[in-house]
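Participant: This structure is in structure tokens; I'll ask about it shortly.
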Amino acid sequence: MGDVGGPARPGAPLPTFRWEQIRPHNLPGDKWLVIERRVYDISRWAQRHPGGSRLIGHHGAEDATDAFHAFHQDLNFVRKFLQPLLIGELAPEEPSQDGPQNVQLLEDFRALRQAAEDMKLFEAKPAFFALLLGHILAMEVLAWLTIYLFGPGWVPSTLAALVLATSQAQCWCLQHDLGHTSVFRKSQWNHVAQQFVMGQLKGFSAHWWNFRHFQHHAKPNIFHKDPDVTVAPVFLLGESSVEYGKKKRRYLPYNHQHLYFFLIGPPLLTLVNFEVENLAYMLVCMQWTDLLWAASFYSRFFLCYVPFYGLPGVLLLFVAVRVLESHWFVWITQMNHIPKEIGHEKHRDWASSQLAATCNVEPSLFIDWFSGHLNFQIEHHLFPTMPRHNYRRVAPLVKALCAKHGLNYEVKPFVTALVDIVGSLKKSGDIWLEAYLHQ
């Protein structure tokens, strides 16, 4: 039985470890994880992990097998990087996961993934994504032509802003596909294309987006691991409501957060929070290529519209577009998550953790396009690298898996999903107030 970590010697029997020996290795400078029952010491290598040290670190002292399969296309290529980090394997009598687990669910989910691979559901249709890019570029041209042909009056400007906001929203969707390497077979092609869409067409950093978004996928709705729900003290979600109430914390009137959400949530997320966070990330992490891509967006935008509006008018148009797209971003991305379970780490298996944090919205041709197929949030979270045009095909298989194991496969009407965001915020605020007054 192994006691200390160290690179496995080629040809020598692998040391074996029990979970009680692995658990302590979940510290900032001391990280082990388990993949396919093999134990790896990622302590020094984590900083070089392409997805970021936080992402891989969130799986410290855990079985990361399903996350490993979910995030990587070419497993044989990635395993080459794992080999030098190998220090041992789980003892034969040890379960594949630490803590309570449903072995049959694990086996059935992995069989489902294999079935999806056999059905070629991880293969993209180039024409689908080419059409998406084409209609984005067409909207950019249409907006400019509207001002060129009809002048910078209020009506043409309003139409142009709506078209540009729609284009920007669809850019979010396409860069999201590219970030998950679900468009091209080669990861590098996805990364280059994402930099173009995110940088030239949106003015943001692809690396910044991947840094925060992959954490969301690894640990959805988990405080301090998912940036999307680590929003206290501005908003209280899930378990944080009780915690803040018991500790008598009142930085804002949280029992009214469902109301001030309309003032600072949808209008300002992209315009203020994302712009500042994105710029800070590029400067602090020295992502100079991303900074140049972002600069190319602003140069193009201002050169296209300054002749019509002048500098103050262009700034007003830019703010209007960002506010409009911000509304889209908040409502569409949060309708599947905010009303679900939000709290601290529960160390569940991959399928259970994703299902606890996600729900679907009833599909239609419009909703599929409008949401970038994020209405199939369950399927997307279970299989992040699957091209979105295949979600409809895999959905019946996922639903059958959930029915077999008594897992909640929740599907809502679109309007209900939006209303539930506000209802969830109000519920959390009421819980905070009750805890605040009675503790």
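Here the Cβ of each residue, glycine as well, is placed from N, Cα and C on the backbone.
A TrEMBL annotation is a machine prediction, not a hand-curated record.
Annotations per TrEMBL:
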type     : residues : note
DOMAIN   : 14-91    : domain 'Cytochrome b5 heme-binding'
TRANSMEM : 128-150  : transmembrane segment
TRANSMEM : 258-276  : transmembrane segment
Participant: Do any residues, 6 or more residues outside the transmembrane segment (128-150), come within under 8 Å Cβ-to-Cβ of it, and if so which ones?
Facilitator: 156-157, 159-161, 163-164, 166-167, 170-171, 173-174, 177, 183, 197, 201, 304-305, 308, 387, 389
Participant: Can you tell me how the residues of the domain 'Cytochrome b5 heme-binding' (14-91) break down into helix, strand and coil by DSSP?
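Facilitator: Counts, helix then strand then coil: 31 helix, 20 strand, 27 coil.
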Participant: Mean pLDDT, the domain 'Cytochrome b5 heme-binding' (14-91)?
Facilitator: 91
